[in-house]
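Down below is the structure, laid out as structure tokens.
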Amino acid sequence: NPYAGLVSHLRASWLSGKTRPMAYRIAQLEALGHFLDDKKQQILEATASDLGKAPFEAELSEIFLCKNELHETLNNLSHWMKDEQVDRSLAMQLDSAFIRKDPYGVVLIIAPWNYPIQLFLVPLIGAIAAGNCAIIKPSEISKNTERLVAEVLPGYLDKDCFAVVTGGVPETTRLLENKFDYIFFTGTSPVGRIVMTAAAKHLTPVTLELGGKNPCYVSDTCDVTNVARRVVWGRFFNAGQTCIAPDYLLCTVEMQDKLLPALRKAIDDFYGPNPRESPDFGRIVSDKQFRRIRALLCSGRVAIGGQTDEAERYIAPTVLADVQPSDPIMQEEIFGPILPIVVIANMDEAIDFINSQERPLAVYAFSSDDKVVNQVLERTSSGGFCGNDTLIHMTLTSLPFGGIGNSGLGMHHGKFSFDTFSHHRGCLKRGMGREPLNGPRYPPYSQQKLGVIQAMSKVTRKNDCTLL
């Protein structure tokens with residue numbers, strides 16, 4: 001295997017204990033901050049080349065959010081690393097019981113192309129903070145960013161403990177044949193199944209950050225202008241190539257009639273009368289993705305946009321009205337700048353529709369009535385939830401980010417990243433003396449001994465009085 005030597009080298013470094021001291025972890029994390037600062041312009045240029053990403057969007061999503069994660073981790077690492085003391089039974093009051101946060105070892109981080117810096121760097125921050133060695137596999141589809149990461153990042157990190165591997169499907173397949181101690185994958189559900197299958201051969205735990213069709217319910221009682229602006233921003237940010245973008249709208253026919261002019265105005269306000277000329281609207285990452293997304297335009301009727309240019313990989317911000325659940329666009333995650341509207345009769349029908357689909361990465365609900373938003377929250381299941389806005393919930397380092405069911409497994413961001421890459425090791429330390437206290441557990445057994453053990457170790461319910 002072409003990567004066996006690399007994995008063995010990193011495992012030897014990890015076994016040496018090099019990555020465990022807090023000072024080492026901090027130094028490597030600070031080096032990531034230097035990478036973001038020093039290479040900011042190159043990052044902006046690479047993401048512009050790969051995705052036509054506007055500097056504003058790239059700086060916000062690829063640099064600023066990563067710096068937030070980095071600072072959150074550096075601010076709290078000493079606290080997160082401390083042993084966590086736990087409650088003890090009466091029989092163990094003289095002992096020490098705690099949870100130690102151990103690193104897993106050598107971890108693999110496989111990143112996607114849509115946010116090619118953020119989606120490898122945020123999990124890497126957690127992996128380093130937890131004391132692991134790591135191999136980073138950036139996406140070959142965002143080729144300019146891949147080249148930047150491969151050529152530049154190793155100069156900032158300890159080469160004995162961290163490495164970047166490039167290549168496509170064949171290289172990733174061979175990489176996955178190696179035994180890792182943890183795998184963190186971001187991408188599609190079909191590939192997630194392949195990664196999980198490979199991990200199962202070594203009983204390697206995984207986090208899968210996948211995607212799905214994120215529903216957005218718009219009730220009849222809402223500020224239509226505000227809804228349109230927030231939905232347009234969330235759907236067309238990064239040209240719709242965002243795993244938590246609202247994938248489709250659910251609303252009544254009356255609300256659809258109100259929303260369409262508001263959506264049109266929001267698109268015009270954001271990107272001008274010809275979004276193709278806007279410096280703030282991106283492009284599709286590849287010819288393959290362009291053709292896939294363009295084919296979805298046959299669903300429903302084009303109410304706004306619909307223009308395409310294959311040479312530029314440009315698809316206009318598009319809204320499709322009167323889309324049927326059986327239409328092609330409702331059969332897969334769109335991952336592009338198209339917003340279908342599916343008409344429903346009421347909130348109950350919207351919730352039933354959401355629950356009839358695979359569980360998504362996010363559910364969105366808009367209403368001026370907080371009871372309606374709460375109803376959608378309480379009666380649906382998803383990786384995350386955001387009421388009266390889109391995307392913005394993932395910017396909080398205090399919230400876990402992850403999927404459920406078909407949209408993923410596990411979570412990260414902030415302390416959740418540290419916990420994901422840490423094995424929570426249950427530990428008990430006892431003294432060598434006080435042996436008579438252990439007498440009741442040793443043979444020969446008796447009912448009296450059993451009673452003593454139960455009395456000393458019993459966990460009682462509150463308000464449950466026990467007479468000894």
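Including glycine, each Cβ sits where the backbone N, Cα and C put it.
Annotations in TrEMBL come from automatic prediction, not curation.
Among the features that TrEMBL reports, domain 'Aldehyde dehydrogenase' is placed at 20-422.
Sequence-distant neighbours of Glu209 (active site) (same chain, 6+ apart, CB under 8 A from its CB) are Leu119, Phe184, Phe185, Thr186, Gly187, Cys243, Phe401, Gly402, Gly403, Gly408, Gly410, His412. Positions annotated as active site by TrEMBL: Glu209 (among others).
Counting every protein chain shown, the Cβ of Cys243 (active site) has 27 other Cβ atoms within 10 Å. What TrEMBL records for Cys243 (among others) is active site.
Model confidence over the domain 'Aldehyde dehydrogenase' (20-422) is summarised by a mean pLDDT of 97.
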